[in-house]
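**Student:** Structure incoming, see below.
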Amino acid sequence: METYKGIQFFSNKGTVKNAFKKSNLGYEVMLDRKEDENFIYSNYEHVETQVEKDSKGMVVCKKYKNTYEILVEKVKEKRLGVLLVGIGGNNATTMLGGICANAKDLSYMNKCDLKRSNYLGSVFLSSNIRLGYNEKDKEHAYAPIYKLIDIYNPENIVYGGWDINNMNLKDCLVRNKVFDNEVIEKIKDDLDYVPLKSVYFKGNFIAGNQQRRVNNILYGKNKLEILEQVREQIRNFKKQNNLNELIVLWSGNTEKNIPHIPGVNDTFLNILHACKKNHESVSPSVIYALAAILENSPFINSSPQNTLVSAVVQLAQQKGIFIIGNDLKTGQTKIKNFLLDFYFGTGLKPKSIVSYNHLGNNDGKNLSSDLQFYSKKVSKSNLICDYVRANENLYVDDEKDTNVLVKKSIDYCEGDSLNEKGKVSADIEDDCTYVESLEKQKVNSEIVIKYVPYVGDDKKAIDEYISEIFMNGKNTIVLYNICQDSMLASPILIDLILLVELSQRVFFKPNQEKKTNEDEHLLNENIQIEDYKLSHTILKPKYSSFKNLDSVLFLSSLFCKSPFNSTVYKTRHSFFSQLESLWNFVRIISGLPIDAHIDLPYMI
């Protein structure tokens with residue numbers, strides 16, 4: 001029988017406050033805002049440019065304004081839980097081990113020095129945001145985000161989760177080989193936890209080399225029955241741990257990508273029928289996403305696959321539940337992200353970006369399979385495509401054949417030396433088509449990932465960037481990056497959890513309302529799937545005149561390789577735009593004006 005008691009790092013610390021605080025900072029920030037014991041109140045006027053093309057091809061720019069009343073709930077006594085899919089994996093155990101070490105304020109010796117636990121790499125817990133300018137001292141003033149607004153303490157969250165393998169988490173710490181032995185010895189008893197039974201379907205969703213890990217799975221007649229079992233697990237965990245809110249986070253293996261299939265995964269009704277019929281396209285991650293949303297729990301996809309199909313998005317939007325994806329932006333892609341900002345921002349023209357990396361953890365093992373690697377490759381490549389579309393003027397001349405010495409031969413022999421009249425085979429046609437597609441790329445982009453067991457979690461990455469510079473010169477930058485993959489990923493998982501929790505406490509009242517779709521509230525609390533009635537609850541708005549953020553939480557784009565777009569907005573891929581968007585969001589909800597980076601009063 002499964003146990004639903006979660007992991008609680010705060011149980012040995014006595015009474016603790018849910019809002020994150022750091023005791024070694026000897027100051028507080030006093031903000032010019034209205035607040036009481038329950039809420040922070042602020043107002044914000046948003047000004048943006050709306051762009052349209054008229055019938056003559058003219059780009060018309062119009063200024064648009066809207067004012068918002070903002071209501072932010074304080075954390076207070078809320079109990080939050082997080083269920084991780086793939087809880088025994090490197091990322092999940094590293095995140096939990098790090099939070100545990102911080103909760104215990106752990107110090108330990110590595111081979112170089114005495115070290116203390118920290119949250120380095122977390123935007124919410126370690127980075128500083130600009131407050132304004134101190135004219136007297138002629139200094140810009142900065143403070144951590146948690147000094148401006150309540151950020152939930154990750155050490156106070158109740159954790160649990162699923163895994164296809166039943167190994168206890170304290171043994172997973174040893175198997176995954178991320179932490180030093182001294183750290184493992186000091187935290188392993190706090191991670192004494194056996195994962196819940198998980199969902200596993202054959203059909204190449206994950207690599208075949210993972211089959212030998214499978215010994216801890218749910219069984220059912222069809223995928224709808226298994227979906228209902230996962231929902232029951234979520235309810236039981238929430239009830240036994242006395243939780244007010246719960247977040248489900250996919251930290252499992254990369255799955256293969258699933259195509260958009262009309263009639264199957266285009267609407268929530270169709271995908272529920274597809275579950276009943278055991279349709280081959282319904283993956284384990286889709287089961288968890290549907291289960292989380294039906295249980296009114298936000299869902300985070302930290303892996304590359306396209307779990308957030310149209311059906312999942314529609315269900316989330318009709319229920320008003322946050323969804324986040326896809327794939328964590330950790331080392332190589334994060335560097336690529338801000339390097340592309342540098343290239344395009346300074347008028348340079350990237351032409352070739354080749355990325356190679358090898359690693360030896362279970363992520364690398366799973367990605368050694370072609371189907372799973374393809375999901376990763378697509379996720380890593382989306383970044384470049386959006387930058388090129390935003391800077392098409394740099395590539396106009398590339399569409400012309402500027403090299404007059406090279407001409408493509410139209411008249412060629414389809415046979416060979418033995419058969420002059422032969423026909424070109426399908427394999428040759430495919431090969432030619434593939435090569436021609438590479439030759440047509442505005443930026444040649446290639447990604448290679450190899451599994452090398454010996455290196456373990458220490459991923460080695462090599463990147464070569466070639467760009468065109470002034471008067472057709474060339475510039476080449478080569479980077480060699482060695483990083484502990486899971487230690488880069490773990491603070492990003494923490495940030496995604498904290499962002500979702502914060503977003504659930506923020507409400508907006510716009511002066512001008514958007515038009516809503518007529519079918520926005522067609523969802524019933526009882527859904528008939530053939531002979532089965534699926535029941536769920538629909539949350540009512542907390543405050544009648546205030547609204548939550550859209551279900552597709554694109555503020556998370558800073559943390560995701562392939563950030564998901566909503567039905568009305570396409571996310572910007574610029575690293576600094578994403579970072580400033582998140583920081584400005586924090587500013588306006590805490591009562592500060594946005595930082596426009598112009599400092600005009602000091603220019604005049």
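Keep in mind that glycine also has a Cβ here, set from the backbone N, Cα and C atoms.
Features from Swiss-Prot:
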BINDING   88-91, Asp163, 198-199, Gln210, Arg213, 251-254, Ser303, 327-328, Thr330, 361-363, Lys376, 456-457, 485-486  NAD(+) binding site
**Student:** Using DSSP and collapsing to three states, where does Thr330 (NAD(+) binding site) fall: helix, strand or coil?
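**Tutor:** SS state of Thr330 (NAD(+) binding site) = coil.
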**Student:** Which state, by DSSP, holds Lys376 (NAD(+) binding site): helix, strand or coil?
**Tutor:** helix
**Student:** Note down the number of other Cβ atoms within 10 Å of the Cβ of Arg213 (NAD(+) binding site), including every protein chain shown.
**Tutor:** 18
**Student:** Just to be sure I understand the packing, how many Cβ atoms besides its own are within 10 Å of the Cβ of Thr254 (NAD(+) binding site)?
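**Tutor:** There are 24 such Cβ atoms around Thr254 (NAD(+) binding site).
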**Student:** If one looks at the chain holding Lys376 (NAD(+) binding site), which residues at least 6 apart in sequence have a CB under 8 angstroms from its CB?
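**Tutor:** Thr254, Pro304, Asp327, Leu367, Ile447, Ile449 - these are the non-local Cβ neighbours of Lys376 (NAD(+) binding site), listed in sequence order.
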**Student:** Residues with Cβ closer than 8 Å to the Cβ of Thr330 (NAD(+) binding site), same chain and 6+ apart in sequence?
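**Tutor:** Looking at Cβ-Cβ distances below 8 Å from Thr330 (NAD(+) binding site), excluding near sequence neighbours, one finds Cys483, Asp485, Leu488, Ala489, Ile492.
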**Student:** Near the Cβ of Asp163 (NAD(+) binding site), how many other Cβ atoms are there if near means within 10 Å?
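**Tutor:** If we count other Cβ atoms within 10 Å of Asp163 (NAD(+) binding site), we arrive at 27.
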